[in-house]
Amino acid sequence: MKFAYQFQHLCGSVYSQGNVIFTPDGNSVLSPVGNRITQFDLVKCVARKNVERVAVSHDSRLLLAVDEDGRCLLVNLKRGAVLYRFHLKQPVQALNFSPDDRFIAVAVGNKVQLWRTPGLVREFAPFVLHRTYTGHYGTIVSVSWSHDSKFFVTGSEDLSSRVFSVGKFPGFKPLTLSGHRDVVVGAFFAEDDRSIFTVARDGGAYEWKYKLPDVEMLEPSSDESDEEENEEEEEEKDRQEKEQKDKEADSESSDEDEDSETETAGNKRKRKLSEVRGEPIPEIARATKWYTCQKHVLKMDFAKVLCCTFHSSTGMLVAGFGNGTFGLYELPAFVNIHTLSVTQNQLETVAVNATGEWLAFASRKLGQLLVWEWRSETYVLKQQGHYFDLNAASYSPDGRLLATGADDAKLKLWDTNSGFCYVTFTEHSAPVTAVQFSPSGQAVLSASLDGTVRAFDLNRYKNFRVLTTPEPTQFLSLALDPSGQVVCAGSMDPFNVYVWSLQTGRLTDVLSGHTGPVTSLSFSPSSSAEPILASASWDHTVRLWNLFASKKSFIEPLAHPTDVLAVAFRPDGKQLASTTLNGAINIWDVKDGEQVGTIDGKRDIAGGRKENDRITAANNQMSKHFTSVCYSADGSLLLAGGRSKFVCIYAVGPQILLKKFQISHNLSLDGILDQLNNKNITESGLSKGELDAHLDDSEASGRNPGSNLVGAKRAVDPGTRRKNMEVLSKAVLFSPTGRAWAAATTEGLLIYGLDESLAFDPFELDEDITPENISKTLERREYARALVMALHLNEEPIIARCVEGVPLASIPLVAQTLRGGMYLQRLLQLLAKRMERSPHLEFYLQWSLAVLNTHGQTLRDDPASSATCLPTLRSLQKSIARHLQDLAKMYVILAFDPIVPTQPVATSEPCGLKATQLTKPVCDSTGSGATTAALSGSSSSPKLAAEPSSSDSGVVSAASRLRWVAPSVASVLAVSTSQSRAVRSSEADARCLESGDQQAADTPASWPYSDVLGGVSSACAGVRRQIFTEQSAAAHGER
């Protein structure tokens, strides 16, 4: 059984705090969820603490995320890789990329820091502080840029807005726009940059304009006058030399020349205000007076404006109010176009996509994320996570759905593939403590502290059965028998197990005998014998019941040393696992009722110190225990989680720990750190977080400075939720397929899936095939044998090293020595993966061509290879089509680059072609994009055999290198052009072609190499089309 699981999805929570933004293409929304960022697809970057602010560059290349402490992550948005980390030392309230993506404006307290955006050349410190702007007396909450990227405007809590310039302009000083009576939550430039709109929290909305001077003349500054004086002195010397040579000139004419030159020099001291050294000065810098031309009030039932944004191209202002209502206004007239109430809680942030059609809103209190299309008045996305902690989770029999129950009394169903919640049941009136799918997957049941067990139909999404007891009780556990007809629930008080018939809804039996709350129930899944019910309780026992016998038979209880917290049957029903309060997992033989093993897990889950712990993390293992346990599908593994930051996987046979996962690294949660910082501990032993545990951010935004003192917060209801929640997992479970497992944690429902790159799956392995022998074979230049040995070992890094070690001229020969079947399939899988993220694009294109030209007929003729290689060929084609589009865009951008690149190195190629080799990889070896690419340094990936040494040429700009990519790739791909043209098209072909082929067809025609670059893609599509046609014909023949 494989256990190389890695984090895949985060369900149960769609928004926690901070701002939400659209990507520049307008098709994706980025939402902070704890210390992760959800793109609905998940961006693979994790911050130290909860993410507070995010921003995306206008070219969709970079993502900047800032956590609560001001620690920044620069992320390549396409690759999802973290490029750089740095610390701003203070919390950030706003940040924004300039329209030309050259600068990033970051609001830190009452200052604005202007940072240069990292370029294409790798640097030791990519972020360089350009300038720091001061002038505000309150925290800055809004930053917006002008369209020419030369100015930006800020809004602050000091009731004013300020306009700053990126560069220095003569006569320009930072402007202050004051007049509001409340905090300025938004300030924006108009489309023509000739006016500024400001919006305050009290609803006041102003439009500011400026006046230009009547006389377009300006005395130069001191520095410029000094330069002009130097120019005049040089001209004076030239004039004197000319006078000495021309001795016969008339004295009167020389006097006239002198007067004219003096007059010209005087005129030079005055110039037009609109020009400085030949460059125009923006009108904002020439403005002499700013005034308020319009004043409006955005009224919404006395609710305050908490957030707003402006879409300049359409002139729309979107304002979010504290009562959950948003308003859409047309500027500059401030005409209300649209008003809608989307939630009952205050809106924390709002965003507009690039076209202005979709509006995104987020509410922190309920964790809501909404995307609204205002023209058609429909929801594009409407998601809400659980407000309180998750208590239970259950997989559907087919593994496609997950049901979760939480303290907010809601039952939600989630799609495991998309991560979306598509139905919410709100019939419960108290926390949901247990959920369970029926064996048929057509219904889901939930138990709650409100004293009911409810059954929901998944076809009509209705509550079709409510199971209750004669006396009110609170249910803690739930179980269904394998037939789905008998429902059992364990109660808190009295300590009974209640049995119902799901078909009739009648209470059929009450099982008594426990002397403590029944914490867990489980039916044996055995179909050969009568199912047995196991009940676990705090009375230190697990009791086994045979409900289907002629007489309700009770089997002798299984005694434990401490309270029993969870129980689970093995899939064959012959073994039982139970967890206890002392951190142990006990394994029982069901038939004999004997304990066959014990796993002491308290040392495995030890670690993490909470703020109120009086002992160190090394000594607090007595407080750690498992509260949930689950068998894998084959019964060989045990998954256990509980009051700890770890989830453990154990091997049942040897009873050893195989792997443990830390479910969160978010320092905003309690119990993550093993050692606490003494500066946060007061003399009384309490932490500062405990003294202000009930501090609410919404109240903090309007509090006075004195409340920043430790303990200055007034006393509040002790039942108020703590700000720092403890990290733990309340439920863990394997999926029915065994390829994933889920954990109901503090941050939400975490889904971990198998990562094939971490799973060791060799093919026909013998004792001579080892990584050391493969390296020695590669050093002896036995490339074909080394590659075959690596394919047997089936370790991706080793296969990649062997592939990249083959010289360029030897690629066709090595490809011919490979046999079909598993060798070809695994090699194509590697090429498809490496084509997506490797910087050696041309090299892997050569490999793809060689494999397809050599083994294309084999793939078409062999039915087994056709079925297994078809998905791989599709992935390869989609990857090449994406590179085709990216290079086409780069070619258009770099067509006017005046930089002359270093001459490439020509190498001999097969088929009599010449290909140009770049002196260095185009992007960094990690595949994380060209932002901090190693364009002038060494790469961490294995050096290609045909790659020239670093001494061949100096540092070359990224633009000049990219210019040489197109001819190089074109010459390589010319081989497959004839093969792609020979492939016939048919109706079956059209059905076979999907997104990858469409992307290749939609490539911009402005790039001259687009038809040739599609060679490998077309060859790949040709093989796929032939396979699809033969499979269709075979299926038709069988019918």
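Glycine is treated like the rest: Cβ placed from N, Cα and C.
What TrEMBL says about a protein is an automatic prediction, not a curated fact.
Remember, it's a predicted structure, so these values are computed and weren't measured experimentally.
TrEMBL lists region 'Disordered' for one of the ranges 19-41, 157-179, 663-685, 985-1007, namely 985-1007.
Matching 506-526, 590-610, 695-715 against TrEMBL, the residues noted as region 'Disordered' span 695-715. In the predicted model, the repeat 'WD' (425-466) shows an average pLDDT of 94. In this chain, the repeat 'WD' (511-547) lies close to the repeat 'WD' (557-598): three or more C-beta pairs between them fall below 8 angstroms, excluding pairs fewer than 6 positions apart.
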